[in-house]
Amino acid sequence: MADSANHLPFFFGQITREEAEDYLVQGGMSDGLYLLRQSRNYLGGFALSVAYDRKAHHYTIERELNGTYAISGGRTHGSPAELCHYHSQELDGLVCLLKNPFNRPPGVQPKTGPFEDLKENLIREYVKQTWNLQGQALEQAIISQKPQLEKLIATTAHEKMPWFHGKISRDESEQIVLIGSKTNGKFLIRARDNGSYALGLLHEGKVLHYRIDKDKTGKLSIPGGKNFDTLWQLVEHYSYKSDGLLRVLTVPCQKIGGQTGNDSFRPQLPSAHPATWSAGGIISRIKSYSFPKPGHRKASSPQGNRPESLVSYNPYESDRGPWANEREAQREALPMDTEVYESPYADPEEIRPKEVYLDRKLLTLEDKELGSGNFGTVKKGYYQMKKVVKTVAVKILKNEANDPALKDELLAEANVMQQLDNPYIVRMIGICEAESWMLVMEMAELGPLNKYLQQNRHVKDKNIIELVHQVSMGMKYLEECNFVHRDLAARNVLLVTQHYAKISDFGLSKALRADENYYKAQTHGKWPVKWYAPECINYYKFSSKSDVWSFGVLMWEAFSYGQKPYRGMKGSEVSAMLEKGERMGCPPGCPREMYELMTLCWTYDVENRPGFVAVELRLRNYYYDVVN
């Protein structure tokens, strides 16, 4: 969460206020001397420590919901660095201008907090246990959903802590604290019925109770004390500083056999859990815990409805209280919750049919068409697999003239699709020869990206960034498999949910041999020229690098909410424009960094154009920065 500041030489990471003051003293305490540190109270926030009049002054920098940073009541900024630069020129509430940064001494790295140290392992274990993923499916889930998973882990980490006892009464909490050792500072936290919490603290043989309130914004605090985003941050703070309590927190109170309180809410502790509260930080005690499962992957059903029992935490929605999981309100799924994240044949009991031909008797079609084209129509259907009924999209070949070329095109597309298996690519279930040739594929209910964005202008930038990043992950996979798509456009990206995109339509796709890096077409066909790189138009040469050009156009479509590229221009006019070095302008409201990536994708010289490895990494880093 400190990624946006780690590169700054004056950023010290998660040091305490006292440590910051010590550093400023080392620097001479001259007016305007300053350093930046990570907030110990707010997720993704920072604190600015400034010397003035021989005293240290501290300002909290909160991360706003839109991803900007601001000192309370002050102007918002795109990054902590921009905020510091601004306050080097404008007071705007500070005691003095920022003049001299106090940089970290040589060899000193930003200090990571306990959660930062462990979050990679926590996320990996959480994804493994919650969605039962392994291998590439696990890695893809972590990469694409890391910001959401970080928030999920951070805001629910207290449920796995030894000091959190769930819903127990005040009397029960006193009994538990008084069992065993009577060490001063022994403590536990319990949940109260109104959504707040209470701290039980042992002092001189008596249990003191402190209320932990939760305000409308979700901030937690002991009355009169500091605000915190999470319970574990609150506990970490009061473990090194009493700050209004009679004493600091020392020893967490263990659950009795892991069976007290609300066991449906709280995971059972492993029997090997250590009984002592040794050095190493509060969070270090959750390494060996098993995570509760908020939901499982969506089960297939003919109706395509999501059972209430499978509803899981949705990090895209605002917090609705600590007991939101107990409510039956519908929440939107993460990609891993959907039935199309993994291949239907990932289940070893589901045997892939030989030569991918399906039994027509097991396929049911709806009458309503989802779409149509020169090839025929697409309908929604249901395919009876061995264990489940799977909702599918069926491309039905319209071949009244019995043209063998049309059948060959469909079979060629099927041949490409059967070789691909990635969460961000529409998978083929199989092909069916009956009243017509049919290509049976995974269903993406929300349809093409361009049409969805045209009809849903409320979709925010960070949601669009999330979707185009997923597309880049799918294209990186194609690049690694030596496939060229040749028809990458927003119309061929289908949405499973508002937060889950898949690449489709492999009718023009080609597999390259291991010794090839491009495909050369023999003739000019009915090509989507406005999405094509100059070398495709001029020399009929197609490669992953030409797909990168198309991806830049797709990004432009997405950030312009489904508008047509080069509107009103003919293909020849577009070619002339590109030859002159001109490119489409930045869509209104599009982040500067995203337009810069588009123009990089539109590099004329194919050798200097980035590949999808570089494009995906750049998108990933920006996505993490704006969503965190």
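Along the chain as shown, residues are numbered 1 onward.
Backbone N, Cα and C define each Cβ position, glycine as well.
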Phosphotyrosine according to Swiss-Prot, picked from Tyr197, Tyr341, Tyr540, Tyr561: Tyr341
Cα-to-Cα gap, Val378 (ATP binding site) vs Thr338 (phosphothreonine), nearest whole Å: 21
Fewest-neighbour residue among modified residues, criterion Cβ within 10 Å, set Ser196, Ser572: Ser572
Nearest of the recorded positions (Thr338, Leu370, Gly376, Tyr539, Ser572) to Ser196 (phosphoserine), judged by Cα-Cα distance: Thr338
Pairwise Cα distance for Tyr519 (phosphotyrosine)/Ser372 (ATP binding site) [Å, integer]: 28
Lowest local Cβ density (other Cβ within 10 Å) among recorded positions: Thr338, Ser372: Ser372
Fewest other C-beta atoms within 10 angstroms, as judged across Tyr126, Tyr624, which are the modified residues: Tyr624
Cα separation, Gly376 (ATP binding site) to Tyr539 (phosphotyrosine) (Å, whole number): 31
